[in-house]
Amino acid sequence: MMLHIPEVLTAAQVVEIRKTIDTAEWVDGKATVGAQGAKVKRNRQLPELSATGLKVGQEILKALAGHPLFVSAALPMRYMPPLFNRYEGGEHYGFHVDGSVRSIPGSNLSLRTDLSCTLFLSEPEEYEGGELVVADTYGEHAVKLPAGDMILYPASSVHKVEPVTHGARISSFFWVQSMVADDGKRGLLFELDQNIQKLRARLGDCEEIIGLTGHYHNLLRQWAMV
């Protein structure tokens, strides 16, 4: 399931984050990928343990924790601390797939990468090119969202970032381990939850809504790994 999560950050939050990270030290993005990814990756990033990146990353995770659409879709259990990248002057990242398991920097924990997240920190009119292209069984999907919006998609997807030919594309990216590893099951739970919320707004907590809510939680109880 690929999902647009709007307004993760307010316009004011984006401005403050950009002020903070634009003046930070950026390094070659190849430092964070394996040999295969390094062949097709041309960008810059904040270092993984950058104090600036860690501080801003916590602000992003706090915002996500209060975003009901994200929580419903991702059913998050564990997060990779958000990273930050910058593309300009023709920089790009060719087709690749994210690693299935990553070590969480600064800890002894690992994370199964169920979901990939890209949070846009540049407005679309600030740069040319730079679309995130995600390939699945239905074809290729190009994504270029307003600053503060995020795209959520299965980490198993092959994807790339098109060359940025003008301006700068700045974003945050990270991975989520979900309570429900299977994308199909997670998608069913998301659709059920969204429909329950819509019906509840119209009908209130009637007997049928309570029954459907019970079915949702029974399925989650059966499928969740916590």
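Indices start at 1 and increase along the chain as displayed.
Using N, Cα and C of the backbone, Cβ positions are placed for all residues, glycine too.
These come from Swiss-Prot:
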BINDING   H96, D98, H159  Fe cation binding site
BINDING   R169  2-oxoglutarate binding site
DOMAIN    78-178  domain 'Fe2OG dioxygenase'
One residue among the binding-site residues H96, H159, R169 has the fewest other C-beta atoms within 10 A of its C-beta, namely H96
Of the binding-site residues listed as H96, D98, H159, the one whose CA lies nearest the CA of the residue listed as '2-oxoglutarate binding site'
H159
Helix, strand and coil residue totals from DSSP for the domain 'Fe2OG dioxygenase' (78-178) stand at 3 helix, 62 strand, 36 coil
Are there any residues in the same chain, six or more apart in sequence, whose C-beta is under 8 angstroms from the C-beta of D98 (Fe cation binding site), and if so which?
T113, S116, A155, W175
If I take every residue in the domain 'Fe2OG dioxygenase' (78-178) and average their pLDDT values, what number comes out?
97
